[in-house]
Amino acid sequence: MENTADITVLGAGSYGTALAISLASNGHRTLLWGHEPEHIENLKNDKCNQEFLPGIPLPDLLIPESDLATALAASNNVLVVVPSHVFGLVLAQAKPLLRKDARIVWATKGLEPETGRLIQDVAREVLGEAFPLAVLSGPTFAKELAAGMPTAISIAGTDPQFTSDLVELLHSPKRLRVYANDDFIGLQLGGAVKNVIAIGAGLSDGIGFGANARTALITRGLVELTRLGEAIGAQASTFMGMAGLGDLVLTCTDNQSRNRRFGLALGKGSDVEAAQIEIGQVVEGYRNTKEVYTLAKRLGVEMPITEQVYQVLYQGKSPVDAAKELLSREKKSETSAE
C-alpha cells in the first residue's frame, strides 16, 4: 500500500502536536490523530492547537484527523505520543487497523502503571513481534519545539533501517537535531525517571531550599537513574546524553516542566489533588513515581530520592520530613554502589 502521508502521529496534545508541527515544517505530510472529534475539528478550524499551543500556527502539511482507521491507513510510519497510562489502550485500538508494513515509534515517557514494565514490553504484548519498534527521547518542551527553537533528541529502535529513516524524517538543520542511539532500553528509562527527580527538585525549591540543594538532587538523581538502568540492561553512557542528563537538567530547572511545577506546589503546602488541579494537564511524574519505585523495589535497586518522592505522593509524608530523611542518611562514599 502506498503512503498518502509520510507519518501519522497519534496524540493531539501539546507534545504530539509539537512533533507534528516539526515534521510538517520539515516538508513531510503529517496526519495528526486525536481521540476527541471536537478537539480535532477545532484544530482544523483554528489552524492552531489553541488549547495546548496557542498562537503557534499549524503548517499546511499537517492534517488533523479524528478517524483512527483513516489515520493509520495513510502511512506505515506511526508515532505514538500519548500518556504512559493509556499507551497500551491506544495500541490495542490501533492494532486491527495497522498496515502490515507498519513501523511504530513512540515519544511516550514513562513505564506501565502498577507493573513498572518498560513501554517496549507493553508494545510487544499488544502487537507481538511483527512490527519494528523505536523510541525517541530527550530534552524537549513542546512549546519551544513547536515554535521552531533549536532542540536535540535521541532515537533508538529494534530495526536499524527504521531508526535511520526516523532520523531523516525528524532531523531539520534549522530546528531539530536528531542523534541515533543503540540503547533501546536506556532511552525508555530516562524519560520516566527524570520526571520523578523533577518532582523532587520542585519539592526542594518549594520548601525554600536553594540552588545548592537542587544541584545536589539532580546529580544524585542521575546516579539513581544510572543505577536502575544498569540493573535492567541499559548502557551507563546513555544517561550522560540527551535522554539522561539532558532531559534531567531541563525538567528539573525550568518552570515549563509540569513535574517541577507540581513539586513546587507540593513543597509550598498544596496537597496532591490541589497541585494536579493547579497544573491543569497530565503530570506524568505522579504515576511515573509509583512505576519507578515499583521497578526499583522489584530489582532491589536503592533509589533514596525516588523513595522519598514516592512517600510524599502516596503515603502522605511531608516534604520537609522527606528532605530531613535524605539529609540524615548514613554517610557514604560518593562513588559507592548505594
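Each Cβ is built from the backbone N, Cα and C atoms, and glycine gets one as well.
Owing to the predicted nature of the structure, the values given are computational and were not obtained by experimental measurement.
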Residue among Asp101, Asp247 sharing the sn-glycerol 3-phosphate site, where Swiss-Prot lists Lys109, Gly138, Thr140, Lys194, Ser257, Arg258, Asn259 as binders: Asp247
Nearest-integer angstrom distance between the alpha carbons (Cα) of Ser14 (NADPH binding site) and Thr140 (sn-glycerol 3-phosphate binding site): 11
Among Asp247, Glu284 [binding-site residues], residue with fewest other Cβ within 10 Å: Glu284
Minimum Cα separation from Ala142 (NADPH binding site), reported as the residue among binding-site residues Lys194, Asp247, Ser257 that achieves it: Ser257
Least surrounded among the binding-site residues, given as Ala142, Val282, when other CB atoms within 10 Å are counted: Val282
Cβ neighbour count (within 10 Å, all chains shown) around Lys194 (sn-glycerol 3-phosphate binding site): 33
Rounded distance in angstrom between the Cα atoms of Glu284 (NADPH binding site) and Gly138 (sn-glycerol 3-phosphate binding site): 15
